[in-house]
Amino acid sequence: MSAIAPGMILFAYLCGSISSAILVCRIAGLPDPRESGSGNPGATNVLRIGGKGAAVAVLIFDILKGMLPVWGAYALGVTPFWLGLIAIAACLGHIWPVFFGFKGGKGVATAFGAIAPIGWDLTGVMAGTWLLTVLLSGYSSLGAIVSALIAPFYVWWFKPQFTFPVSMLSCLILLRHHDNIQRLWRRQETKIWTKLKKKRQKDSE
């Protein structure tokens, strides 16, 4: 079944290239997320500029565009190595979307969706790690960074044959969060609650 893998890689990249943040903002009449808030076309920034409804729509779509190509390839018996490349292709599409001038998001939700087909137990642990980190720290970026660092160890525990491809995916996410890591180190990163509070104050004026 690995013969179909190259085609699945292309399909995954094209799926990832559909920027739901930009499309949802256009449909909802919201500012372009690439030019507003943090400038990142992802669910967290849409939450800041458009509220919960728009952000949830973006989050679900971003998860699905990582999940569906990998799940399809997994069902067809594609080997773990190729599954890893398919997952990375979906994230690359999200980060550098061919349909939107190669300016995309950071790939966290798409990566989460790509990992989900490995198992619901792993999915639950990953989601719990991200949520707990965000609740304790207030930093969405830190939640993504911690989850990416721990993901290979979780996968090794649940299904070790997928450790290498998930490690590749984690490296991509960490590289994409390079600027966030620097801001966290310098204590210059803004907490998500602070930005939401500012938005509410602005809306009430």
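Positions of Cβ are set from backbone N, Cα and C atoms, glycine also.
If you look up Swiss-Prot, you'll see 4-24 (among others) marked as transmembrane segment, on the strength of sequence analysis. Residues 30, 32-34, 41-43, 45-46, 50, 54, 57-58, 61-62, 65-66, 68-70, 72-73, 76, 78-79, 82, 85-87, 89-100, 104-105, 107, 110 of the same chain lie 6 or more positions beyond the ends of the transmembrane segment (4-24) yet place their CB under 8 Å from a CB of it.
Per Swiss-Prot, the feature topological domain 'Cytoplasmic' maps to 25-52 (among others). Within the chain, the topological domain 'Cytoplasmic' (25-52) has long-range Cβ neighbours (under 8 A, six or more residues past its boundaries) at 19, 58-59, 62, 100, 103-106, 108-109, 140, 192, 195-196, 199.
The transmembrane segment annotation in Swiss-Prot covers 53-73 (among others), and the record cites sequence analysis as its basis.
For 74-80 (among others), the entry in Swiss-Prot reads topological domain 'Periplasmic', with the evidence type sequence analysis. Using a Cβ-Cβ cut-off under 8 Å and counting only residues 6 or more beyond its ends in the same chain, the topological domain 'Periplasmic' (74-80) has close neighbours at 1-2, 4-5, 8, 86, 117, 161-162, 164-165.
Taken from Swiss-Prot, the feature transmembrane segment applies to 81-101 (among others). Using a Cβ-Cβ cut-off under 8 Å and counting only residues 6 or more beyond its ends in the same chain, the transmembrane segment (81-101) has close neighbours at 2, 5, 8-10, 12-19, 22, 41, 62, 65-66, 69-70, 73-74, 107, 110-111, 113-115, 162, 164-166, 168-169, 172-173, 176.
Nonlocal intrachain contacts for the topological domain 'Cytoplasmic' (102-111), taken as residues 6+ away from its ends with a CB within less than 8 angstroms of a stretch CB, comprise 16-17, 19, 21, 34, 40-43, 58-59, 62-63, 65-66, 87, 90-96, 144, 147-148, 169, 172-173, 176-177. Summarising the annotation, Swiss-Prot assigns topological domain 'Cytoplasmic' to 102-111 (among others) and lists sequence analysis as the type of evidence.
Here Swiss-Prot flags 112-132 (among others) as transmembrane segment.
Restricting the average to the topological domain 'Periplasmic' (133-137) gives a pLDDT of 93. Marked as topological domain 'Periplasmic' by Swiss-Prot: 133-137 (among others).
Per Swiss-Prot, the feature transmembrane segment maps to 138-158 (among others); the stated evidence is sequence analysis.
Look at Swiss-Prot and you will find 159-205 (among others) tagged as topological domain 'Cytoplasmic'.
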Remote residues contacting the transmembrane segment (53-73) - C-beta distance under 8 A, at least 6 residues beyond either end: 4-5, 8, 11-12, 15-16, 18, 20-21, 24-25, 28, 30, 42-44, 46-47, 82-83, 86-87, 89-91, 93-94, 105, 109-117
Residues of the topological domain 'Periplasmic' (133-137) by DSSP state, where helix covers H, G and I: 5 helix, 0 strand, 0 coil
The topological domain 'Periplasmic' (74-80), counted residue by residue under DSSP: helix, strand, coil: 3 helix, 0 strand, 4 coil
Composition by DSSP (helix, strand, coil) of residues within the topological domain 'Cytoplasmic' (25-52): 13 helix, 0 strand, 15 coil
